[in-house]
Amino acid sequence: MQWAVGRRWLWVALFLAAVAVLTQIVWLWLGTQNFVFQREEIAQLARQYAGLDHELAFSKLIVELRRLHPVHVLPDEELQWVFVNAGGWMGAMCLLHASLSEYVLLFGTALGSPRHSGRYWAEISDTIISGTFHQWREGTTKSEVFYPGETVVHGPGEATAVEWGPNTWMVEYGRGVIPSTLGFALADTVFSTQDFLTLFYTLRVYARALQLELTTYLFGQDP
């Protein structure tokens, strides 16, 4: 009996050690990456259009991103607004760029929505174009409110409660192990809403973004 208990603890210790080693490898890998975008670059671009009608702001932002990074933003025919169900909330996203280590997307909701933020092996920042963003950080007893032009940063491994007012739209930039975020992003779609068409749209646009980055890496770079 004692031997069985000891074996269980041994497996737990080995599992935790493997997780620690994997985490270290992941962060070392991220340190070797040449990122296309910078968090502050995306935030500054979004601030230029904060307060405008969100559709006008998004169209201007896309034009500017294509000017700055012409081979790293999906073409118009690949842009699509896709529902996202995660953490008990529902929003919509339009993916502009994605790789294994970063992404840029447009995100928001036409209806107010409280939710759990999720925990990620990635840093995620949202610069607000319109509406309000309430954030309640883990370990605190008060929430913060963010308005158009402000940027909300969600660090790796952090968890918060968030709530958006109606017609809240933002520009989001993520950097880290991007495939690790898909579990949270798709869990409700698979196990709750069972909206498999949305699941297909999400995976398809991510695959196309990866294909664009691979093609750019192999055959061409930013001028």
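Cβ coordinates come from backbone N, Cα and C, glycine included.
Note that this is a predicted model, so its numbers are computed, not measured.
Copied over from Swiss-Prot, here are the features:
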type	residues	note
TOPO_DOM	1-9	topological domain 'Lumenal'
REGION	2-8	region 'Targeting to endoplasmic reticulum-associated lipid droplets'
TRANSMEM	10-30	transmembrane segment
TOPO_DOM	31-223	topological domain 'Cytoplasmic'
REGION	99-106	region 'Important for ligand-binding'
SITE	Asp126	site 'Important for ligand binding'
SITE	Glu172	site 'Important for ligand binding'
REGION	177-223	region 'C-terminal hydrophobic region'
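Distance between Cα atoms for Asp126 (site 'Important for ligand binding') and Glu172 (site 'Important for ligand binding'): 4 Å, as a whole number. With all protein chains in the displayed structure included, the most crowded Cβ environment within 10 Å among the recorded sites Asp126, Glu172 is that of Asp126.
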